[in-house]
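Following: one structure in structure tokens, then a few remarks.
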Amino acid sequence: MKRHLSAVAGSRGLNSLVQAIVLVLVARAVSIHEFGIFSAVISAQITVALATTFGVPTFVGREYALGDLSAVKAALRINMASAVLLLIVVGGGALFFPGSDGLVVGLALHGVALSIEKGIEGRLAIDAARREYFATSLAFWVRASVNVGLYLALVAVGQNALLAFGLSRLAGSALSAIVTLAMIKSPIAPVSPLAVTLRRLVPVGVSDAINALRFLDVVAVTVFGGAAAGAAYSAASKVLTPMGIVAGSMSSVVVPRAAVASDERLRPLVAKVFAVAIAGTVPLLLLAPISGWLMELVFGGEYAGEGAVLIAFLARLLVAVALPLLVAVAIARRLEVKVARNALLFVPILLIAASVGAAFGGAEVAALLLAAVTWANLVFFVLLLRRRSSS
């Protein structure tokens with residue numbers, strides 16, 4: 001498991017790190033106002049992408065591990081249909097966004113890239129459930145390499161940074177999808193009725209859709225705090241991006257195993273995840289004295305006074321891994337209804353915190369309030385899984 005986890009987390013983490021680096025380069029190439037708008041729309045696109053996933057990757061990993069291949073095949077078809085829907089909504093919809101040509105086309109291309117990536121998530125879940133990793137690792141290595149390489153090449157020849165971002169993201173996603181579809185085949189089995197599979201997906205899908213709304217925090221900060229606050233908030237949030245992808249990789253590996261594991265084996269895992277989150281956060285807070293310098297170094301002089309925003313995000317850096325991991329374990333243990341109820345409670349609180357914080361204290365207060373809400377949510381899942389494993 002450790003070898004599998006290291007390979008998948010490493011490749012996904014590299015891809016996420018590359019995306020974050022490219023966005024940093026974009027932030028340095030355009031004005032803080034334009035980057036604030038660009039980041040807000042990207043966050044909205046990601047929200048729609050996650051909301052239309054319908055919980056398929058987690059469902060596929062769990063059902064493949066439990067041997068229900070008919071449900072897996074049906075879920076893969078639903079996954080492809082949702083990707084087409086996403087293409088129409090976020091790819092086509094971006095073309096109607098007011099702004100410069102580079103901004104509009106860059107956003108549209110990013111939307112198409114997202115739809116391609118979501119269309120292969122089900123196949124990647126099969127690779128994890130089979131306890132294999134080469135195809136997944138190769139797909140993400142290809143995506144990352146093309147993304148950063150093409151962006152740098154396009155900018156070097158004078159291409160608009162926002163347009164270069166969209167083109168490089170699309171090219172990387174398309175080649176990654178070709179690798180995935182060529183190497184990870186759908187299981188040979190009759191297809192379960194789509195209506196039946198959709199009903200089974202409802203609790204997981206509702207949870208995913210509601211949790212996707214948390215990515216509207218950038219939009220909320222931009223709307224209630226202004227474009228500059230949104231840009232600072234979005235820039236600092238890039239420290240979470242690699243951790244979020246690593247969490248996704250860990251979840252894809254853990255779900256099939258958690259679905260068939262005993263409660264006795266899961267109890268130590270929950271305790272260990274929580275302990276690591278706490279222990280790992282303390283050293284990060286010691287970066288407070290140089291946080292402003294770090295923001296200026298990475299993003300440029302316009303971000304020099306935003307060190308407090310960075311520290312607030314560092315305070316929940318480890319939670320960005322721990323929380324999605326425990327949510328995935330809960331779904332693997334068929335607690336998806338409780339996961340959905342949790343999302344109904346915590347996501348509105350999170351968005352209200354972002355809006356109120358931005359309105360009255362700017363990006364700094366918004367980020368601090370969200371850190372508190374996120375830690376509270378982690379505690380909820382620790383207690384939920386401990387009670388489950390003790391019953």
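The backbone N, Cα and C atoms fix where each Cβ goes, and this holds for glycine too.
The transmembrane segment annotation in TrEMBL covers 12-31, 37-60, 80-97, 132-156, 162-184, 239-261, 273-295, 307-331, 343-360, 366-385.
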Query = Same chain, outside the transmembrane segment (366-385) by at least 6, Cβ under 8 Å from its Cβ: which residues?
reply = 217, 220-221, 225, 229, 233, 236, 266, 270-271, 273-274, 277, 308-309, 312-313, 315-316, 319, 322-323, 326-327, 329-330, 333, 335, 338, 342, 346, 349-350, 353-358
Request  = Could you tell me what the rest of the chain brings near the transmembrane segment (132-156), counting residues at least six beyond its ends with Cβ under 8 Å?
outcome  = 3-4, 7-8, 10-12, 14-15, 17-19, 21-22, 25, 29, 120, 124, 163-165, 167-169, 171-173, 175-177, 179-180, 183-184
Task = Would you kindly check 37-60, 80-97, 162-184 and say which stretch has the most C-beta pairs under 8 angstroms to the transmembrane segment (12-31)?
result = 162-184
